[in-house]
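Worksheet: the structure to be examined is printed underneath.
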Amino acid sequence: MEISALLTSAGINISICIVLLSLYSILRKQPANYCVYFGRRLVCGGARRYDPFWYERFVPSPSWLVKAWETSEDELLAAAGLDAVVFLRMVIFSIRIFFITAVVCIAFVLPVNYYGQPKVHKEIHLESSEVFTIENLKEGSKWLWVHCLALYIITSAACLLLYFEYRTIAKMRLGHITGSASKPSQFTVLIRAIPWSPDQSYSDTLSKYFTNYYSSSYVSHQMVYHNGIIQRLLLDAERMCQSLKHVAPEINCKPSLTPCTFCGGLTATNSFHILSNEGDSVKGMEIGELTMTTPEQERPAAFVFFKTRYDALVVSEVLQSSNPMLWVTDLAPEPHDVYWRNLNIPYRQLWIRRIATLVGAVAFMFVFLIPVTFIQGLTQLQQLSHAFPFLRGILKEKFINQVITGYLPSVILILFFYAVPPLMMYFSTLEGSIARSIRKKSACIKILYFTIWNVFFVNILSGSVIRQLNVFSSVRDIPAQLARAVPTQAGFFTTYCFTSGWASLACEIMQPMALIWNLVAKAVSKNKDESYETLRFPYHTEIPRLLLFGLLGFTNSVIAPLILPFLLIYFFLAYLIYKNQILNVYITKYESGGQYWPIFHNTTIFSLLLTQIIALGFFGLKLSTVASGFTIPLILLTLLFSEYCRHRFAPIFHKHPAQVLLDMDRADEMAGKMEELHKKLHNVYSQIPLHSQKSSSIGECSTQELPDPEKLKPEEGDAIAKELWGYQGNESGQEHEDKSCPSASSPEHRTPTMIELHKRS
């Protein structure tokens, strides 16, 4: 690929980013878009909307960048939880390591590559991108020691940073466990595959088992019931009927005309207006009246509650029966994290489901070879024009040639990739994950494998076939073949950084789908309801993208270092944009407790090893035995470092330390909190909780409202409005921010209308 095509793609994407970011800084100030760009602040703060008018509303401003930059990690942890902090630390790690890599490789490796062979160079924009790669070095060049030294510096810096980050995040996870002393999940074990007995129900079987074997620690249990779609509808109808029975008989029935669902015509109906004392009347109802407890609907799964955290930990880790397929135990997820639908799946089906989803994911990866090969054909039009003469006419137009070969392939690949996350999430659901966070983590791993395989390896393989390079004939040839293929794809990887990196970040902050939906709801359907949907941060899509760019950066660092400055710009933008979105848009309903970090760590180690293997192959192709000899110990040292981290830090992310839980139990017993915690356990894991139960959940967002602008003086109203819309992040009105909103255990989102109704009840 020529540098001119690369610059064309960069120019297009830079223009798109500038336009979208400027448009965002204007649209976020408009009151009509507040629910799109400040959904989290509305939910956590219950802020009232204010519609002041001044000219700054229609002028782009960078105040949101300043505010995102100034927010500290402690504030972010209090507002969004540990997963958000871990994600941003991934971005910070990427900035640090690729800053070091860019300085080393741009200062030393790139000049060596460019002047690797004595020849007359063209102007920069007319040069081929391969001139800046290691391919430009001649065989047996003494300058290859520069690449070997750079590889040692990059690997040493990456391992050092990984070690400190792993240690810090492991401490954060322990603090997350100890800081959530009142979480009911620490006292709860999820039991699945309860044996069936014709003489008694699942509940009686479970009660008899735990009373017999764990009588000193067993408290109670909550059965899981069948919750199919039809059954949930019947339950909702039953709950409504039972609620209406207890409401005061002051119901106003007015005949009205409503559009028919099927024919579109008008039909007569009665509108029921329930009075405001509904909440008081429902309070007097028993929980059993609103919960289905018939033995016929019981599933072979239950939440079992224990007296101490340590007792629950022991039960979850111990094999309960001589048959491992019975009495399967796991520590229960948080109540808002439970994926109730999958608790109905028989445990004996799970292994079949996992095999089926694995086969489906692999099959989809092979189907995806078709669009990737087509995309590689667009990047190699010069080679294909020999077989297809009609392409020569297209290639004569210089600008069209630059757009087709430099910009279009990466755009098409991104469009095809939009189908990947929903499908992988569906596969993760079919696997039978018991928690939403586990399902999202599983989808993250699938998308990561899929992305690395299709964007990196398949592009290299298909490009090698089009260029008529030899495909891998044996395992020993893999390093050499990768070394030949990676420099040829350096231009495509750089343009992919523009389109999937820069442009995707601009689209992320714009929230185009939410913006269009909000416009349709208010302008077309004239919907004036204040309700809105809040979003969860898409870790399963953004972490694989971050790791993919890390892989591209490492593998191209000493081979084709021209990509590094563009990657560094992407990571800086990602830090500011993702931080802004986490603070203002996305709400945390559940989290994994930092369990995404081992995925990041292991993938980074894989990227380093792949980089070293590719460099080893290139040193072999260039006949540099000294550089090859020094690369092999580096691979072994990286593997040893990975094994050390796997034994030192990884277990903290998979198990709860007994020492920590025992200290927490003793502290609660001395403070006299145990009985109070035991009383809350049973109702927390109810499948059909009452509204009052939801509102009393632990860790609920604060519902304090901002001052009413109408009651303020004009200058005070303007100051509050400016803070509310984020004009000036340095003003003194920052005490009204949503920093007090807790993170991991916040309940399901509420609209301002719901908050007001809750206050009345």
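Sequential numbering from 1, following the chain as shown.
Just so you know, glycine gets a Cβ as well, placed from its N, Cα and C.
Note that TrEMBL annotation is computational and uncurated.
Annotation source TrEMBL lists domain 'CSC1/OSCA1-like N-terminal transmembrane' at 5-165.
Annotation comment: TrEMBL describes 6-27 (among others) as transmembrane segment.
As annotated by TrEMBL, transmembrane segment applies to 97-116 (among others).
Annotation source TrEMBL lists transmembrane segment at 143-164 (among others).
Residues or ranges marked as domain 'CSC1/OSCA1-like cytosolic' by TrEMBL: 186-342.
Marked as domain 'CSC1/OSCA1-like 7TM region' by TrEMBL: 353-619.
What TrEMBL lists as transmembrane segment is 355-379 (among others).
Marked as transmembrane segment by TrEMBL: 399-427 (among others).
Through the fold, the transmembrane segment (447-466) approaches residues 361, 364-365, 368-369, 372-373, 375-377, 379-380, 383-384, 413, 417, 420-421, 424, 481-482, 484-486, 488-489, 492, 496, 540-541, 543-545, 547-548, 551-552, 555, 599, 603 of its own chain, all at least 6 residues removed from its boundaries and within a Cβ separation under 8 Å. Among the features that TrEMBL reports, transmembrane segment is placed at 447-466 (among others).
The annotation transmembrane segment is assigned in TrEMBL to 558-578 (among others).
As annotated by TrEMBL, transmembrane segment applies to 599-620 (among others).
Taken from TrEMBL, the feature transmembrane segment applies to 626-645 (among others). Residues of the same chain lying 6 or more positions beyond the ends of the transmembrane segment (626-645) and with a Cβ under 8 Å from any Cβ of it are 144-145, 147-148, 151-152, 155, 159, 162-163, 166, 601-602, 605, 608-609, 612-613, 615-616, 619-620.
Annotated region 'Disordered' per TrEMBL: 695-761, in sequence order.
For 695-704, the entry in TrEMBL reads compositional bias 'Polar residues'.
Per TrEMBL, the feature compositional bias 'Basic and acidic residues' maps to 708-721 (among others).
The feature compositional bias 'Basic and acidic residues' is assigned by TrEMBL to 747-761 (among others).
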**Fill in**
Under 8 Å Cβ-Cβ from the transmembrane segment (97-116), and at least six residues away from its ends along the same chain, one finds 131-134, 136-138, 141, 143, 146-147, 150, 153-154, 157-158, 161, 550, 553-554, 557-558, 560-562, 564-565, 567-568, 571
**Request:** With Cβ distances under 8 Å as the criterion, find the stretch in 6-27, 355-379, 558-578 that has the most pairs with the transmembrane segment (143-164).
**Result:** 558-578
